[in-house]
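Below is one structure, written out as structure tokens; the observations come after it.
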Amino acid sequence: MRLPSIEIFRLCSFSHLIQRDISVDRQRPWAFRPFLPPISATMPIDTPSVPPTTSRTDSGGFKTSDGTLYVSKPFRSKSSKKLRALVAFTPRQSTFDINNEKSTANEFRGFFTLFWISIFIFMVRTYIESLEATGQALNLRFATMFSRDAITLALSDAVLVASTGIAVVFAKAVANGWIPYYWIGVIIQHVLQTVILFSAISWTFNRQWPWVQSGFLTLHSLVMIMKIHSYISVNGYMQHVLEQSHQLLDQLREATKSVGGWDKAIADAKARRAELDAATGMSSDDDKSRSETPQLGAESRVSYIDPSTANQLRKRLTAISDAGGIEKFSTSQVVDALNNSNSEADGKKSDEGVLNPLSPHPLTDHPNEEISILAMEYTELSSELTSTGPLYVTYPNNLTWKNFIVYQLIPTLVYELEYPRTERIRPLYVFEKTVATFGTFALLYTVTESFILPHTPSPGHTESFFRLLLDLALPFMIAYILLFYIIFECICNGFAELSYFADRQFYEDWWNSTSQDEFSRKWNKPVHTFLLRHVYASTISSYQLSRSSAMFITFLLSACIHELVMVVVTKKFRFYLFAMQLIQIPLIAISRIPAIKRNKLMGNVVFWLGLYAGFPLLCVAYVAY
């Protein structure tokens, strides 16, 4: 039995997200996949948070008795400027989380235990040697330095966090039409962010804080600025989409006048929908004996992309699978079940004839092509104003203080109407991350106090440049790994647990990187996703730049921010880090040469050597010169 073209069209019409070009897998002739654009090809599929069952395939499909169903990933619709597929939040656990089943099944998990035991033994040995030489286990000079003016620093940071509340006021002003976001609002937004950043920097100079305090406040101000930038940008864009949807609805009403008015157009669309449903039933019986999948008709190519409904379709397929398995059902039976569940869950109609924010406008089925296309575009825009569930937050209902405070607690720099959430807070998990934070910080302090500060050069140093690099390379690398663990495994996971945030992928396997661009994508996912959406994708969509130009702008901005932090910390203008950041661009181009790209071991060796040399090189350069 083969799936008739009209049955495929029914699934497309229901989901509003299967892409137009459907291909058949030769090994699995019933499996059909939507064609995905290259920009979303590397993004993970947004899977539901329920446990997988035996009816799920390894590639994310759903098995039926006569084939496998696949659901499209979300990406930018033709009416939208937003590249939705660039950033996808889905329930995930971090790699080193002991609750992660993949981590406990890792063949190298014993080396993680070995690392921590080795570090602990090394620290104990350090304490004993210090106790024998000086009479105290650890020198507290560094602690005295970074604890200086601690109360003022805490109050300053509280003022910084409180000042971000202006983003809510600004977003409400845009939603009420007091400020047009494009482009007056955009200019005001960037001026506001600049004022916050340089107020914080000026305060650090005014207080004459050491590098720890000044660096902390500067970095935290950058984090807060990225958060409010994403919050204002997304809500400003939503307001723009809302205004466009209202204009499209007016055009749609005007277009229906030529076919007898709004009510008659709705009735005609329903009648055509009924005809298509009836034709589906007949084709399903007539085509059972066909040996090959027929060519799709022209009408099956009018489906449009609705990323929100994509998530719902996956959840419904999974729910059917969990209820008793779908392998024993045919594809047509599964489609019928999905259609029925969709009808039951839609509820009452609105005054515009739309069943709910995730449902297609009824006029998408109208026989008049102009009306049908306008209705599709209207549905595309409307779907962007509602989250994918389970709460289905709709703009501008999200513009509340509670929503903003929760967003501030969630360890992400990219704002969404709704995030995947956990069901409860695990007290033992929070306790574990808290203890790990302070324990790892104690190790980090020991490494810094005992092995980095004593070897940090002064302007009149006598040691050779090579010897300085050799003495500082290993301590800096250990400090970097411990700092990475504190921030991305302990602090981010702790705040994620407290805010019920389910997507814990704050980093990927950056230690396996074979190039600098791979490292920059993997080691700091929150910043990477921010740059991806609000710098890289934004410059492409807003200024029509090429991908190469957008990548250069992204690296340039990143280099400027890194150098700004070094200026604040060292009180020097040297631009060493700025130059090292921009040098990565030609190095990335070289790493993409096929002969070099194929040798992953050599690429990983070069990556680690660069990381080993980079930290002490920057330290010596900025401190001694």
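Just so it is clear, glycine is given a Cβ too, placed from its N, Cα and C backbone atoms.
Caution: TrEMBL annotation is automatic and unverified by curators.
Features reported for this protein in TrEMBL:
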type: ACT_SITE; residues: HIS562; note: active site
type: REGION; residues: 277-302; note: region 'Disordered'
type: REGION; residues: 340-366; note: region 'Disordered'
type: TRANSMEM; residues: 110-128; note: transmembrane segment
type: TRANSMEM; residues: 150-170; note: transmembrane segment
type: TRANSMEM; residues: 182-205; note: transmembrane segment
type: TRANSMEM; residues: 211-228; note: transmembrane segment
type: TRANSMEM; residues: 434-453; note: transmembrane segment
type: TRANSMEM; residues: 465-488; note: transmembrane segment
type: TRANSMEM; residues: 550-569; note: transmembrane segment
type: TRANSMEM; residues: 575-593; note: transmembrane segment
type: TRANSMEM; residues: 605-624; note: transmembrane segment
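605-624 is the stretch from 150-170, 575-593, 605-624 with the greatest number of Cβ pairs below 8 Å to the transmembrane segment (465-488). Taking pairs at least six residues apart, the transmembrane segment (550-569) and the transmembrane segment (211-228) share three or more Cβ pairs below 8 Å and count as touching. Listed in sequence order, LEU577, PHE578, GLN581 are the same-chain residues at least 6 apart in sequence whose CB falls under 8 Å from the CB of HIS562 (active site). The stretch with the most CB contacts under 8 Å to the transmembrane segment (182-205), chosen from 110-128, 150-170, 211-228, 434-453, is 211-228. Outside the transmembrane segment (434-453), and at least 6 residues removed from its termini, the chain residues within Cβ reach (under 8 Å) are 119-120, 123, 126-127, 130, 138-139, 141-143, 472, 474-476, 478-479, 482-483, 485-486, 489-491, 494, 619. The list of residues near the transmembrane segment (150-170) in space but at least 6 beyond its ends in sequence, with Cβ under 8 angstroms from a Cβ of it, reads 179, 185, 188-189, 192, 196, 200, 203, 207, 209, 213, 216-217, 220-221, 224, 227-228, 231-232, 399-401, 404, 408.
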